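If you check TrEMBL, you get these features:
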TRANSMEM  40-58  transmembrane segment
TRANSMEM  176-198  transmembrane segment
TRANSMEM  218-236  transmembrane segment
TRANSMEM  243-263  transmembrane segment
TRANSMEM  380-399  transmembrane segment
TRANSMEM  420-442  transmembrane segment
TRANSMEM  448-467  transmembrane segment
Amino acid sequence: MSSLFNGSAFDAVLDQYFSPFAEWLASIVFYPLPMFGTEAPIIVLWLIVAGTFFTLWLKFLNVRGMKHAVNLIRGKYTPAEAVGEVSHFQALATAVSSTVGLGNIAGVAVAITLGGPGAAFWMVVAGFFGMSTKMVECTLAVKYRHVHADGTTSGGPMYYLRDGLAEVGFARLGKFLAIAWALFMMIAALGTNAFQANQATQQLVDVADVAWLADNKWAIGVAMAALTALVILGGIKSIARVTGVLVPFMAVLYVTACLIVIFTNIGGVPAALGEIITGAFSPEGVAGGVVGSLVVGLQRATFSNSAGVGDAAVAHSAVKTNRPASEGFVASLEPFIDTIIVCSMTALTIVLTGTWQGSDVLEVSGVTLTSRAFETVSPWFPYVLALAVLLFAYSTILSNSYYGMKGFGFLLGDNPRAEVVYKAIFLCFTVIGAASTLAPVILFADSVFFLLALCNIIGLYFLAKVVRREFHSYWTKLKAGEFKIVKNDRRPHMYGSKNP
């Protein structure tokens with residue numbers, strides 16, 4: 001069996017035949033634009049501009065609607081018999097499970113290493129504007145979703161790009177963007193799966209320190225694939241049930257661990273916060289001063305919360321609601337949780353402990369830097385981080401399986417058999433990813449992932465007036481008291497079933 005999944009041999013073949021193409025595509029997708037002595041990938045600017053535009057377009061509704069978003073998660077305005085498959089909380093948990101991951105642990109450390117503490121400030125700024133982009137794409141996902149005869153749903157960018165743009169007179173463009181998005185999502189999900197499996201396996205091997213595991217990583221991959229299969233074969237309801245429990249647990253575990261590190265060094269918090277704020281506007285920076293810090297922070301935040309990419313809209317489209325805009329409010333909390341809360345905790349932990357200033361910071365992984373910060377409290381504390389990494393990776397694999405499956409199904413006419421085939425391919429990538437580094441494949445998938453944003457945001461601009469009308473109508477009715485509060489016994493349970 002080990003020879004079947006010979007990671008080194010497989011990697012050698014990929015490096016020889018596929019790596020040049022992957023590097024070529026990455027050079028195009030992440031083409032840098034010179035800016036004030038540094039460079040910024042055009043695709044990152046594309047995402048940030050969209051977030052800023054929609055925040056202004058909706059008149060800061062991402063802030064004004066936060067309290068209402070929390071009420072929606074509680075089921076205050078949603079009857080259990082509403083159309084859809086999962087509760088507001090479950091849809092949010094599934095989407096968060098995809099974004100709260102290694103980007104929050106490794107990505108933040110990389111941002112601070114390259115851009116200094118000030119990069120953390122700009123990550124928060126990017127998270128704030130990303131809230132509006134999430135609102136727009138997830139509202140459209142519910143508005144244009146397809147509800148099948150058996151009550152299941154199919155939704156996401158491929159549907160609002162095709163049907164929404166046709167509605168406003170751009171049917172051909174919409175169809176092209178929808179097909180491209182679905183194809184890119186199918187590929188990106190496989191790459192994300194392989195990367196998460198690889199990182200989780202490496203963490204387990206490092207912590208366990210067992211020679212057999214190091215030599216037989218495929219076995220870990222098989223175990224992960226089996227655990228994944230148990231969940232994803234049940235569809236979105238099964239995935240949502242698991243992520244609905246897993247996401248709160250892993251978020252509380254990780255944030256609590258960060259808080260322990262912070263409180264252990266409580267005397268240094270004011271100085272650390274000062275470094276983050278002054279570093280954001282300091283003319284002397286690690287990577288190009290103010291602009292360098294800004295670019296690095298915005299880039300890592302974009303990688304972390306994926307606002308504008310559209311993948312989370314697939315999960316949110318399955319929500320139980322009769323009002324599309326309601327899920328937009330709920331979705332706005334996703335970048336808030338992912339970037340403003342979790343990433344900020346990581347940043348403060350790293351800056352406070354000073355691990356980002358080590359002599360070898362440019363040579364080690366982001367996870368290692370975060371692990372060193374945890375280790376300042378206790379030698380066993382990195383084990384807590386390892387558990388968090390495993391949970392983050394597993395939950396990301398679950399949610400991405402659904403995203404990729406829906407993209408594949410869309411290309412083949414929402415064929416249930418096609419979705420089963422994709423699940424089988426997806427599980428194979430879990431095993432292969434654990435056994436191999438798949439560096440060219442992951443680079444290719446990363447590039448394709450951001451091509452999703454190119455297709456998605458073009459559609460969002462075309463549908464900007466549609467979504468503003470949707471929010472205006474909803475907000476006006478809410479303020480007029482037209483939405484009745486649903487009694488507790490008629491609300492969908494947060495974890496999926498109706499309250500008794």
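Any Cβ shown, glycine's included, is placed from N, Cα and C.
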Top stretch among 40-58, 176-198, 218-236, 420-442 for CB pairs under 8 A with the transmembrane segment (448-467)? 176-198
Counting Cβ pairs closer than 8 Å to the transmembrane segment (218-236), the top stretch among 40-58, 176-198, 420-442 is 420-442
So which residues does the transmembrane segment (420-442) touch in its own chain, when a touch means Cβ under 8 Å and the partner is 6 or more beyond its ends? 5-8, 10-11, 14-15, 18-19, 21-23, 186, 189-191, 193-198, 200-201, 217-218, 220-222, 224-225, 228-229, 232-233, 397, 401, 404-405, 408-409
